[in-house]
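**Student:** Dropping a structure here in structure tokens format, bear with me for questions.
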Amino acid sequence: MGAPNHVNFVRRRIGLTGGIATGKSTVADYLRDRYQLPILDADRYAREVVAVGSPVLQVIRDRYGASILLADGQLDRQKLGSIIFADPAERQWLEQQTHPAIRACFERDLAQLESDPIVVLVIPLLFEAGLQDWVEQIWVVACPLEQQRDRLIHRDRLTPAAAEQRLAAQWPIAQKCEHADIVIDNSRDRTFTFQQVDQAIEKVVVAEN
């Protein structure tokens, strides 16, 4: 039975997380397009807080020099990634600069959505940043580690060693699944994935009288 394009929900926040390259964006896009749910994405905020002219970008430039910027003044994310994923201390420093600003973006936009019965917060580092209390339900998008590694290498054009550095910077996906309310298996095709999302949504839908 097909789900309606717009439904009424129990009022809650869903924390959508998973590992790098496991398919969080695929699920988030489906929730937005199929159910018209507001999606607040930490990765989008992470780009916003380092935009040209931002205080966070200036702090990063002060630490790493002008070579951390592209010719147009934007952050060279690839170069920064090669630094922070090779050195946990540098990654911790960067998170100390960016995480408060990202949280402020979430709080700003959540304040505009107070009347929405459900909001999806896409937070890749939900567990690592200790943000479980921000949400009422946690969904983890998962796939086997080998598949995750292959997707990451091909998506971001990384060497196997660089991919391993990025995987090591997050909780293992199996550990995240242990703490999930809902696990979405994204190891097969999108139809399989979306069927699970529909089933999960049914658990939070309030049947209309």
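Indices start at 1 and increase along the chain as displayed.
From the backbone N, Cα and C atoms, a Cβ is placed for every residue, glycine too.
Feature table excerpt (Swiss-Prot):
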- Ala21, Thr22, Gly23, Lys24, Ser25, Thr26: ATP binding site (BINDING)
- 13-209: domain 'DPCK' (DOMAIN)
**Student:** Return the average pLDDT for the domain 'DPCK' (13-209) as a whole number.
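**Tutor:** Value for the domain 'DPCK' (13-209), mean pLDDT as a whole number: 96.
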**Student:** May I have the list of same-chain residues other than Ala21, Thr22, Gly23, Lys24, Ser25, Thr26 whose Cβ is within 8 Å of the Cβ centroid of the recorded ATP site, in sequence order?
**Tutor:** Gly18, Val27, Val141, Asn186
**Student:** Report the member of Thr22, Ser25 (the binding-site residues) whose C-beta atom has the most other C-beta atoms within 10 angstroms.
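**Tutor:** In terms of Cβ crowding, the pick is Thr22.
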**Student:** Are there any residues in the same chain, six or more apart in sequence, whose C-beta is under 8 angstroms from the C-beta of Ala21 (ATP binding site), and if so which?
**Tutor:** Gln148, Arg151, Leu152, Arg155, Asp156
**Student:** Tell me, by DSSP, whether Thr22 (ATP binding site) is helix, strand or coil?
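**Tutor:** Going by the DSSP assignment, Thr22 (ATP binding site) belongs to neither helix nor strand, so it counts as coil.
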